[in-house]
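Below you'll find the structure, written out as structure tokens, and then a few comments.
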Amino acid sequence: MKDTPLSNCERDFLLKAIEEKKRLDGRQTYDYRKIKITFGSDYGCCFVDLGQTRVMAQVSCELVTPKESRPNEGIMFFNLELSPMASPAFEQGRQSELSVKLNRQLERCLRNSKCIDTESLCVVSGEKVWQIRVDVHTLNNDGNLMDAASVAAISALCHFRRPDVGIQGEEVTVYSPEERDPIPLSIYHMPISVSLAFFQQGTYLLVDPCEREERVMDGLLMIAMNKHREICSIQSSGGIMLLKEQVMRCSKIASVKVSEITDLINKALLNDKTARKAGGRCGFAESIPQERITALKTDQTSVEMTGVGETVSSIVQTAEAPPQKVPSPLLPVPGVGQVGEGMRNTWGVEEEEDGDSSGGDSGEEAVKMEEEQHKEDKSRKVDVVEILDSEEEEEEEEVVILYPETTEKAKNKGSSSGQKGAATSRKQQKK
């Protein structure tokens with residue numbers, strides 16, 4: 001499903017606002033949106049909220065055979081998935097150009113920068129090494145997915161703990177967390193990606209573009225850097241020509257943002273470690289009362305509560321006494337109901353009695369009529385006349401049922417008409 005394109009009015013409005021150094025959400029030119037980092041109940045699960053953009057990273061590990069070219073090094077694998085849940089423009093089971101670009105940039109940012117000591121992941125040289133897999137899932141897309149994915153991936157790697165391993169001869173034993181404490185990964189530095197959008201052929205620059213700003217931008221520059229001001233990777237897209245001074249200016253802006261985000265990650269890791277040591281709630285159990293997992297939150301409205309007690313007491317004092325309760329209806333006699341004191345309501349029985357007394361004469365006449373009809377039905381008899389006619393070729397049988405009247409004339413007429421009917425039927429058969 002393709003995303004809805006921007007209209008010309010929206011495009012002109014956005015570009016005009018950028019020229020006046022204004023943004024839709026009220027930020028300044030070099031401001032990031034609010035970043036929130038939370039960790040799950042398991043080690044290696046991290047949620048990152050960058051404004052309305054929401055990303056989840058999950059780290060897992062397994063023992064595999066190393067590569068022949070590097071038998072003493074572990075394997076790092078990164079996968080970024082664009083789910084249709086994040087945006088209607090993303091399709092399931094089909095890699096788009098954006099997905100391929102983000103995956104490559106994430107690999108350059110984390111694996112090619114050598115931020116993790118892969119030699120520490122070796123268990124048995126040439127036989128067993130740890131393979132660390134980082135899966136990044138987009139939960140909601142509101143622009144700048146690369147920055148959110150890089151923060152979530154490096155935070156999940158810092159939070160992850162792999163199982164401890166024991167070697168006895170040729171046997172490799174993996175211990176559970178109950179038997180031995182898990183071991184954290186050896187991380188040298190934390191590379192973080194910073195995205196900068198260019199407008200009007202590089203005339204205007206914005207940090208952390210939102211989804212609407214990404215639609216009208218002319219080019220995008222992604223710089224991956226650590227807090228030591230070491231550039232890990234840099235990528236430009238959009239086909240615009242940037243000057244040396246522009247790139248240096250962007251790197252200075254990125255260094256400031258990277259140091260701020262690194263401090264935020266370290267603070268979030270420290271808070272999670274303190275909560276786990278104290279035995280407090282963390283992860284999913286903590287997110288329920290704080291409504292972190294709910295999509296719709298109720299808006300709270302402040303209400304004035306001063307002097308409410310006095311107002312209620314005055315209303316209660318001046319109010320009239322409540323009316324007495326109506327007792328439940330009583331049934332002293334079948335067909336008679338009593339609702340209030342001294343009041344009787346009747347239905348059914350008395351009305352039938354009045355009807356019987358008033359309509360006595362009409363009832364006797366109705367009984368006589370029924371008796372007369374019954375006698376007439378008994379006196380009425382059904383005569384069945386069977387006329388048989390046999391011929392050489394075929395035999396047919398006809399039954400004629402006649403209902404004679406009570407008078408003799410009717411009987412004679414019925415018999416004559418029956419004979420005429422039989423004669424006509426015979427003539428038709430002969431013909």
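Every residue, even glycine, has its Cβ placed from backbone N, Cα and C.
Feature annotation from TrEMBL assigns compositional bias 'Basic and acidic residues' to 365-384. Taken from TrEMBL, the feature compositional bias 'Acidic residues' applies to 386-399. Residues or ranges marked as domain 'Exoribonuclease phosphorolytic' by TrEMBL: 32-163, 189-255. Annotation source TrEMBL lists region 'Disordered' at 349-431.
Look at the domain 'Exoribonuclease phosphorolytic' (189-255): DSSP puts its residues at 18 helix, 26 strand, 23 coil.
Helix, strand and coil content of the domain 'Exoribonuclease phosphorolytic' (32-163), in residues and according to DSSP, is 33 helix, 49 strand, 50 coil. Per-residue confidence over the domain 'Exoribonuclease phosphorolytic' (189-255) averages out at a pLDDT of 90.
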